[in-house]
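*Asks:* I am attaching a structure below and will ask some questions about it afterwards.
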Amino acid sequence: MRDDNTNNVNMKIWQLMFLQQISQSYQIIYLSYLIWKYDLLYLMSQYWMLDIFMLTALGLLRIKFKAIVNNLIMDTLIGSVLKLLLLINVKYYQQFQIQYFSYAIMAYYFIRVLVQNIRKISNNQQISQYSFIIQGIKLLFVLQIMLVTMKHTKTITWNWYSVFSISWGLLIISFIVYFVFLLSIGETIMDYVRNRTTKTQLIGGLWFSLYMNSFSILPMWFLLEVSWYEETNYSNTTSTLFLVLIVYNGIILLGLILFFSYIKLYIIEIRFNTTNQTNQTRQKQKFIQIDIPYKIVQISSTYFEIIRYQKNMITVQHSNQSVIHQKTKLKAFEFVGKTEQLQSPVAERELELIKQIEEKCQICYDVEPNIVLLPCQHGGICEECIIKWLEKQKNCYICRQKIEKYLRVAKTHEEGKFTIRDIAMCD
């Protein structure tokens, strides 16, 4: 299973790289067309070569990795046909009303999204947020293509800045997300200088910030160049952008090759989704009620002892020491610590603050913990956090021992004691 997850992560990383390189390649080819005044046929032939490359890569993914790429293949084919019709309209037969084909594409995508979502709902499948966003972006891009074709056929008389309004909106949102991410990267750099974070976080964050720039600042620059050139038939920074895109692509690809292991760990740590969208629905844990009168005694903020009342006797489960002995040691330790600093109000406030922190979940520090893990008997975690934790790994977050099951507990009136409400088995 671990090898499968590793392969999934590897494939996702290269899919990200493939998307970025293809996107930048389209921009580079168009800029070369503007710089050297190539014929329109040259531009379209270069785009078709990219389409052939994409279809070959998608076919390999479909055959070798059994990836679901049918929609992507269809998208590429539609794009190739649209380029052919655009070439015919601009170069050979200007009376050809290409905008009607863009209307048909818009209708096709709308119907496809509708059918896909209805099918998922009928099969009781969850429509993931990621899938919903991707479908929405695709519809907006199709609408953008429709505006471009309408401009070429003079159905609308807008300037090119207005024609690209949809792309501007998406890029502005992308830039805002990118700016927030840059702020977090700045904080990561400061933490690394102070030895508060890992090399993985630093290298992975820097590479990912370069990657995100490919879908924010650089495309905005590209649209400015295209709009300005279409309006004035001249731009003095087109060559500069052309060179920047080539060098930028090389840096991102070289960084991925040199630091692949760090980038892979970074993507895993930020909970990058490595499973198919059809398997993303979270399975709720089934809890089993406990009939035997078990109780739990809290030894520390993250460790518990399980006791069982039977014929007026108390037996301790999974322990080499008595509960009373451990509680006595802890109380004695607290007494000595408080006695030594009894005259210090600052120390008392610090102790009170520590106590408040220990009473919260040690993962989110937001709600009170109500989960105890078995067999290691560590706790200090809430139900929502343990569900998210088990989605990533099956080991205790403290001792790394394998989690076989976990208890849902509730506080009693006696200090430091809990009752077991029910138990959940881990798959």
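Any Cβ shown, glycine's included, is placed from N, Cα and C.
From a predicted model like this one, the values you see are computed outputs, not experimental measurements.
Copying in the features that TrEMBL gives for the protein in this structure:
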DOMAIN    361-400  domain 'RING-type'
TRANSMEM  40-60  transmembrane segment
TRANSMEM  72-92  transmembrane segment
TRANSMEM  98-115  transmembrane segment
TRANSMEM  127-148  transmembrane segment
TRANSMEM  160-181  transmembrane segment
TRANSMEM  202-222  transmembrane segment
TRANSMEM  242-263  transmembrane segment
*Asks:* Go through the chain and flag residues at least 6 beyond the ends of the transmembrane segment (98-115) whose CB is under 8 A from any CB in it; none is fine as an answer.
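*Replies:* Result: 71, 78, 81-82, 85-86, 88-89, 135, 138-139, 142-143, 145-146, 149-150, 152-153, 155.
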*Asks:* Under 8 Å between C-beta atoms and at least six residues away from its ends: which parts of the chain pack against the transmembrane segment (202-222)?
*Replies:* 16, 20, 23-24, 27, 30-31, 167-168, 171, 174-175, 177-178, 181-182, 184-185, 188-189, 192, 241, 244-245, 248, 251-252, 255-256, 259, 262-263, 265-267, 269
*Asks:* Give the residue counts of the domain 'RING-type' (361-400) per reduced DSSP state, in the order helix, strand, coil.
*Replies:* 10 helix, 7 strand, 23 coil
*Asks:* Across the domain 'RING-type' (361-400), what is the average pLDDT of the model, as a whole number?
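*Replies:* Averaged over the domain 'RING-type' (361-400), per-residue pLDDT gives 86.
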